[in-house]
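Notes follow once the structure below has been shown.
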């Protein structure tokens, strides 16, 4: 992902304020509510029968935290996202058979959650930088599919 020094600074500064536990669970939960067909990958998580059930599900929250932990690793290696996410790409492609479009959807949901949490601090410039990052991460996760 090519970011200007200003974009990189904006992404890093905001990410330092992110509560990974909270934002991860909310982002994954919103993905499952807004795009209900993604729930088929999480059938082992128990009750996903309503938006409240999804958002309150401890397994959704725990996996969201794990997902955002991996995203944090990616932020530390923006120059090598394909390498950073190679194993996760292989897992999601070969073993889990996740539609790579879901990575793009989750990235966009994450941007929405960050905007919700940070309000005016999440300026259009910050959003533009994050859109580049989530697109780069989605492409890296989809790399094994190509």
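Just so you know, glycine gets a Cβ as well, placed from its N, Cα and C.
Per Swiss-Prot, these features apply:
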- 63, 92: heme b binding site (BINDING)
- 2-146: domain 'Globin' (DOMAIN)
- 1: N-acetylvaline (MOD_RES)
- 12: phosphothreonine (MOD_RES)
- 44: phosphoserine (MOD_RES)
- 59: N6-acetyllysine (MOD_RES)
- 82: N6-acetyllysine (MOD_RES)
- 93: S-nitrosocysteine (MOD_RES)
- 144: N6-acetyllysine (MOD_RES)
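Features per Swiss-Prot, on structure.
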residue : record              : CB count, 10 Å
1       : N-acetylvaline      : 20
12      : phosphothreonine    : 14
44      : phosphoserine       : 6
59      : N6-acetyllysine     : 15
63      : heme b binding site : 17
82      : N6-acetyllysine     : 15
**From modified residues 1, 12, 44, 82, the one whose Cα lies nearest residue 63 (heme b binding site)** = 44
**Message:** Between the residue listed as 'phosphothreonine' and residue 82 (N6-acetyllysine), how many Å separate their Cα atoms?
**Reply:** 19
**Complete:** Reduced DSSP state (H/G/I helix, E/B strand, rest coil) at residue 1 (N-acetylvaline) is coil
**Prompt:** Relative to the Cα of residue 82 (N6-acetyllysine), which of the modified residues 1, 44, 59 has the closest Cα?
**Reply:** 1
**Prompt:** What is the interatomic distance between the Cα atoms of residue 59 (N6-acetyllysine) and residue 44 (phosphoserine), given in whole Å?
**Reply:** 9
**Item:** Rounded Cα separation (Å) that holds between residue 44 (phosphoserine) and the residue listed as 'N-acetylvaline'
**Value:** 34
